[in-house]
């Protein structure tokens, strides 16, 4: 699943570990640092991760527009970076942020507020299995 | 980014909305329902999402093994499903779960515990920007 990254200023030690999808990206989960809300999922290439680590602002690669996207630059809904972690496989990023206003372009606080497929499941009580 | 899904039992109304990557998958974030911890990110195709919605157990598609993977079947570290939501673009799933034991195969509680790239950033105070 790993492709060759574009040249970037990302720390070579991190770049050497990063496992990218075929399009050179890793999914990046943005989580509100104090409430724990999962706000959104974006995509980062090496340079977006570098900018997220060094500028204090969460920066993604927009797959639809094919350009870097500093969250909040147009909306004002900035994500101030609090911490950044890679997962155990180095193929996913978790960014804890302080989200200004709505994370979602719809105006909702998070991108997961509007389309709930299942809620209040109580699966833990019984031993439901396939 | 959308590919034709494999046949599955997923509700056709949901399947019609789902936006899959080129390999027919969507990223699925597993979050502990009460503490808010982001536990891991896995991948689901239509059938894995269907099973997650209907069996009470979080089910992923393993990209490395090329098979369905019912979390906890080998480790005992089951994820009991509490709620499932799609994001605003219908290309990411958020599953709130009750995680039994460690979510990570390393034995860590979450997959994001061990590889912290940046912590305790205080970017919100100053106007750091690129």
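The backbone N, Cα and C atoms fix where each Cβ goes, and this holds for glycine too.
Bear in mind that TrEMBL entries carry predicted annotations, made automatically and left uncurated.
Residues annotated as domain 'Phosphoribosyl-AMP cyclohydrolase' in TrEMBL: A:40-112. Counting residues per DSSP class in helix, strand and coil order gives 10 helix, 29 strand, 34 coil for the domain 'Phosphoribosyl-AMP cyclohydrolase' (A:40-112).
The Mg(2+) binding site annotation in TrEMBL covers A:87, A:89, A:91.
Within 10 Å of the Cβ of residue A:88 (Zn(2+) binding site) there are 18 other Cβ atoms, across all protein chains. Positions annotated as Zn(2+) binding site by TrEMBL: A:88, A:104, A:111.
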Between the binding-site residues A:104, A:111, whose Cβ has more other Cβ atoms within 10 Å than any of the rest? A:111
Going by a 10 angstroms cut-off between Cβ atoms, which of the binding-site residues A:87, A:91 has the sparsest surroundings? A:91
Cβ proximity for residue A:89 (Mg(2+) binding site), under 8 A, sequence spacing 6+, ordered by residue number, returns A:19
